[in-house]
Amino acid sequence: GSAGGSGSGAARESKATPRLGGADTLPVPAFAASVSGANLWMSLVEKAVAKYHGGYAALEGGLVHQALADLTGGVSQMFRFSAAGVRQSIDDGSMWARLQRFAKVGHLLGAGTPSLGEGESDDAAEGGIMRGHAYAVLRVVEATDANGRHQLVKLRNPWGRSQWRGAWARDDSRRWTRRLRARLDYHWASFKEREAEAEEARAALATRVADVERERDVALAVTERVK
């Protein structure tokens, strides 16, 4: 397995052998593993990243945009929704337009929620969004129906539990037909509601570097291009 570390815009390779921790004494790998046990890629990638950072202990916690930069060897940027300038861009629609451009050119997108306060637990999250947690942003979609225009994001919780319970949730029969509800995977949420829950939105601008030169607005969001 291998992973490309970053931070300066230049990829650095980290290689790891296929021998996994706990393989001799435990029925499953000691760290990341697939539910079925049939897929090993996440275990090997995790081992390569751990080696790059000096051990598995260094992988406890962290930020989505930094992790994506490590994995892709690319450049990432974080937008903190609580910042005044970002709040303004959300209110005037420019943040939504930027996210649409990021998704269109194939950049990797993620989101994270504020850390837990003292005495709080994951179950304390309102609307089903967990606190101190990372989410993958799979799609950014704008749809129009009889009720107007809707800005929707498709999210995936890597842990696979605690789903969104607000507008456009899987059990929202008012907005989804029965046929569409049966086909829903992961979960959808209104951007306006989702950004109120999330403290940070993170975009790793790594997968389509050539597009940065053609997308001026996207280039403005990149601090340094991949060499």
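Every residue, even glycine, has its Cβ placed from backbone N, Cα and C.
As given in TrEMBL:
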type	residues	note
REGION	1-21	region 'Disordered'
DOMAIN	31-193	domain 'Calpain catalytic'
ACT_SITE	H133	active site
ACT_SITE	N157	active site
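Separation of the C-alpha atoms of H133 (active site) and N157 (active site): 8 Å, rounded to the nearest whole number.
In the three-state DSSP scheme, N157 (active site) is classed as coil. A simple way to gauge crowding: the CB of H133 (active site) has 20 other CB atoms within 10 angstroms, across all the protein chains here. Per-residue pLDDT, averaged over the domain 'Calpain catalytic' (31-193), rounds to 74.
Using a 10 Å Cβ-Cβ cutoff, N157 (active site) registers 18 neighbours.
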